Every structure is written in structure tokens, then in C-alpha cells.
Ligand SMILES: [Mg+2]
């Protein structure tokens, strides 16, 4: 194969909107992890905002790397992407990366091959954590015109850090949801059940897909607490324990980013990651429409991914 010279691509606006939503969700959700369990429910019911600044975490750091990668390459080139994740980690390691990602990104940064490093985790199974899903929504919005390409590119982006099939299925699910949200920008929002079923139909057989099918069958009016209890809410940090709930929350509020975030937060699980996923999906459709200025001002800014 002949190597092609990368040509910088402009960021499609749904992908940029998705990135900004993901960062906002990540920062919004992370602030609540510092609130004591005694105080959180009352403050949540009062919709009491946390004081700023809201700093973003590893979810946003990796999403920014992924979008910058697409700007440069126009597609996922796995060895380059692995190196870029490792470089961003080395430059700013205190963003709340999980223990296995510390090991993976350090090893890649020291010259390890991403295939060997990622498959060396957890007895050869690789990580099934939610880290590949948490960063991928903008990629889904980027390739929204071609769902086959969304599946392929999301999978390729996932496996550079997460070798387990469930982690990749989680990433593909989130990317598809963002793509479907972006494709529907000019049409009325689809119903929650239909949206979740559409994502599930395009996934490989997996626990993530099973969770999405259960989510799609939940009756209207199902409480956040019940949905989180059945589907999981990231408490176990795995993709199957994170993605179905986050997409259920997003799918119920595709036209209302703040409400999607309050709903997602109400699970009290891995709230920076569930909020990053839900917001990355919803914002691919809404942008920052309806988000109070106070939220946007509180959120730590991100550099322009196309900045050179
Ligand atoms: Mg995080």
C-alpha cells in the first residue's frame, strides 16, 4: 500500500458540536463526584449547579486527541492514534485516567506496540472498560453520512487501547448513536425505543447490545433510578455497565442537552463518563442550544482541534 500524505480536514460541525458537548458533560459530571453522598440527592433535586471552574477529565482529553487525529488523517490510523493518546497522557497525566490506561499509555509511550500492550491486559482478554466509548461520540458525528464507516472507524479507534470485544462494542454503539443524532438534526427527534433499537441492530452480539435491547423495552416513565439499577451506570467501569444506560438517558432527551445531563447524573455512577457519552450524542444534534451561559462559562475550555 502506498502511504498517502495527510491532508488536514475541516471538522464537520456536528463533530465539533459533539466534542464540545462531550467536554461539557464530562466536566459537569465530574464536579458531582466531589459531593458527599449525604448532600448530593438534595442538591440534585434543587438542580443546584456546582461552583466553577468545571475541569474536564480523561474522557475529554482522549476525545480531543481523536478529533485532532481525524483533522490530520481523515480516518483512524491506529499506530499514529496510539502514539497520540500516549503523548497526550504523558503531557497531562493527572486527568483521572483509569489504572489500566495508565499502564497502557505509559507502555505505548515507551515504545511498546499497541497490539501487544493492549492484549497483554487482564490475562490476554484486554480491557473491557468504558474508556473507548467515552471518547468516541465526535467520531460518530464525523462519519455520520455512512453508518458502515462509523462502525469500522469506531472499532478501529477502540482497539488501540481496549482489546476486549465488549469495549469495542460499547464504542461502536456510542458512535452509532452520535451518528444517528447528527443525521436527524433537521428532522423531529426519534422516539427513545426506536433510536435504541436502531443502534442495537447494527452491533455485534454482545452484552452491550443486550443491554441496549433491554433499555429499548423499558416503558415510558421508567425512573432514572430503576434504569440505572437494571442497566448499570458505570459503577463497575465496564462498557456493558456504562453504555446502555448513558444511551438510554441521551435517547430520552435528544433535543434537550441540559435535561439529558441532569437525567444522566441521576444514576450516580461513573458520572463524568456517563455524562460525557450522553452529552456527546445529544450535542451532535443540538449543539449548545439551550445550554445556560453559566454552564458554558464554568466549563474549562478546549483548544480548537483544527488549530495549527
Ligand atoms: Mg474521566
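Every residue gets a Cβ built from N, Cα and C, even glycine.
Keep in mind that TrEMBL annotations are predicted by a computer and have not been checked by a curator.
Per TrEMBL, Mg(2+) binding site is recorded for 57, 58, 59, 270, 272, 273. Following the DSSP three-state reduction, the secondary structure of residue 272 (Mg(2+) binding site) is helix.
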Worksheet item: Just checking: which of the binding-site residues 58, 59, 270 have a C-beta under 6 Å from ligand 1?
Response: 58, 59
Worksheet, complete the sentence: In all the protein chains shown, the tally of other Cβ atoms within 10 Å of the Cβ of residue 57 (Mg(2+) binding site) is 22
Worksheet item: Using the Cβ centroid of 57, 58, 59, 270, 272, 273 as the reference point for the Mg(2+) site, which residues of the same chain not in that list have Cβ within 8 Å?
Response: 26, 29, 30, 60, 96, 134, 276
Worksheet entry | Nonlocal residues around residue 58 (Mg(2+) binding site), in sequence order (Cβ under 8 Å, 6 or more apart) | 95, 96, 97, 98, 101, 131, 134
Worksheet item: CB neighbours of residue 270 (Mg(2+) binding site) within 10 A?
Response: 29
Worksheet item: Out of 59, 272, 273, which of the binding-site residues is least crowded by other Cβ atoms within 10 Å?
Response: 272
